[in-house]
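Engineer: Copied straight from Swiss-Prot:
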- Gly49, Ile50, Gly51, Lys52, Ser53, Gly54: ATP binding site (BINDING)
- 68-69, His75, His81, 107-116, 141-143, Thr215, Glu267: substrate binding site (BINDING)
- His75: Zn(2+) binding site (BINDING)
- 34-177: domain 'SIS' (DOMAIN)
- 203-261: domain 'CBS 1' (DOMAIN)
- 269-321: domain 'CBS 2' (DOMAIN)
- Lys52: site 'Catalytically relevant' (SITE)
- Glu104: site 'Catalytically relevant' (SITE)
- Glu145: site 'Catalytically relevant' (SITE)
- His186: site 'Catalytically relevant' (SITE)
Amino acid sequence: MSEALLNAGRQTLMLELQEASRLPERLGDDFVRAANIILHCEGKVVVSGIGKSGHIGKKIAATLASTGTPAFFVHPAEALHGDLGMIESRDVMLFISYSGGAKELDLIIPRLEDKSIALLAMTGKPTSPLGLAAKAVLDISVEREACPMHLAPTSSTVNTLMMGDALAMAVMQARGFNEEDFARSHPAGALGARLLNKVHHLMRRDDAIPQVALTASVMDAMLELSRTGLGLVAVCDAQQQVQGVFTDGDLRRWLVGGGALTTPVNEAMTVGGTTLQSQSRAIDAKEILMKRKITAAPVVDENGKLTGAINLQDFYQAGII
């Protein structure tokens, strides 16, 4: 029984892969035309389909929407009972139907023509009523479904999903859609945290900033280290410019070397030291700390003035790992 199940599963995958392998050679003028229609669309892409085509259509609409092309899904039955009012003349409709002969099309196509809405077809029958009415036809035909009875949509739904991905990715690249654009559509996700957060969003402010003046003593800096627990203190001049940092390591080395606590901190600090820009991406700032093998750093503005402090734990808590 186990071997029979494995063979059935493998056979299904092989058949679907075989059918999908024919898709690249079908991309041509119609694919380019469909992509250009979407690129020049001033409204939204409205995806529609029935049954399994509808389920795949929802995913295609979601992929378009998350990669820079406003899109949503409308069920054909709902469209014919009021939702056609959601579709405007500046929109584009992508209708998915393997047979290309869904009865709802008899009523939908004239309404689209009345509104001068461009129709794109994703079908296994390019010469069907859907294919003939469309401005561009994306051929998702298969020689056979992976279903042993040749009935359940299997190979054809894989082809539909892949063609939708191909179209969405081509349009995305043509738009110049990048990682930061993607993150703006996914602000609650890990990618959003990594790419949208700036250092100033995460840094510690006001009294939580460990800092002493250049004229302070090593004792003053030690007390500030203890108060904030960040592992470093920013040493600033009268204009709040960071002149150096005094770290736990600096303190240990100073005491082991017999240095006095009353000595000015500028004699014991690390001159210069690493600072982070407040407007930098948090992910880039974290990489700087990791590369330099330090756990914290002062944060400065574009003029070099101290505005905050941050450590690795602040990044981790924000989901930037």
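One-based numbering along the chain as shown.
Placed from the backbone N, Cα and C atoms, the Cβ positions cover glycine too.
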Engineer: Sort the binding-site residues Lys52, Leu112, Val142 by C-alpha distance from His186 (site 'Catalytically relevant') and give me just the closest.
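Structural biologist: Result: the closest of the binding-site residues to His186 (site 'Catalytically relevant') is Lys52.
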Engineer: Based on Cα coordinates, which of the following recorded positions are within 10 Å of Ile50 (ATP binding site): Gly68, Leu112, Lys115, Val142, Glu145?
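Structural biologist: If one measures from the Cα of Ile50 (ATP binding site), no recorded positions come within 10 Å, so the answer is none.
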Engineer: Identify, among the binding-site residues Gly49, Gly51, Gly54, Gly68, the residue whose Cβ has the fewest other Cβ atoms within 10 Å in this structure.
Structural biologist: Gly51
Engineer: List the other residues in this chain whose Cβ sits within 8 Å of the Cβ centroid of the ATP site residues Gly49, Ile50, Gly51, Lys52, Ser53, Gly54, in sequence order.
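Structural biologist: Those within range, site residues removed, are His55, Ile56, Gly57, Ile96, Ser97.
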Engineer: Could you check what DSSP calls Gly51 (ATP binding site) once collapsed to helix, strand or coil?
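Structural biologist: Gly51 (ATP binding site) sits in coil per DSSP, no helix or strand.
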Engineer: Listing them in sequence order, which of the binding-site residues Gly68, His75, Ile109, Leu112, Lys115, Val142 have their Cα within 10 Å of that of Gly49 (ATP binding site)?
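Structural biologist: Checking each Cα against Gly49 (ATP binding site), the hits are His75.
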Engineer: Using Cα coordinates, what distance in whole Å links His81 (substrate binding site) and His75 (Zn(2+) binding site)?
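Structural biologist: Rounded to the nearest whole number, the Cα-Cα distance is 10 Å.
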Engineer: If you count other C-beta atoms within 10 angstroms, which of the binding-site residues Ile50, Ile109, Val142 is the most crowded?
Structural biologist: Val142
Engineer: DSSP secondary structure for Val142 (substrate binding site), reduced to helix/strand/coil, please.
Structural biologist: coil
Engineer: What counts of helix, strand and coil residues does DSSP assign across the domain 'CBS 1' (203-261)?
Structural biologist: 23 helix, 17 strand, 19 coil
Engineer: Tell me the residue counts in helix, strand and coil for the domain 'SIS' (34-177), as DSSP assigns them.
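Structural biologist: The domain 'SIS' (34-177) comes out at 65 helix, 23 strand, 56 coil.
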Engineer: Quick one: of His75, His81, Lys115, His186, which of the recorded positions has the smallest count of other CB atoms within 10 A?
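Structural biologist: Selected from the recorded positions His75, His81, Lys115, His186 on minimum Cβ neighbours within 10 Å: His81.
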Engineer: Going by C-alpha positions, which of the recorded positions (Gly51, Ser53, His75, Glu104, Glu145) is nearest Leu112 (substrate binding site)?
Structural biologist: Glu104
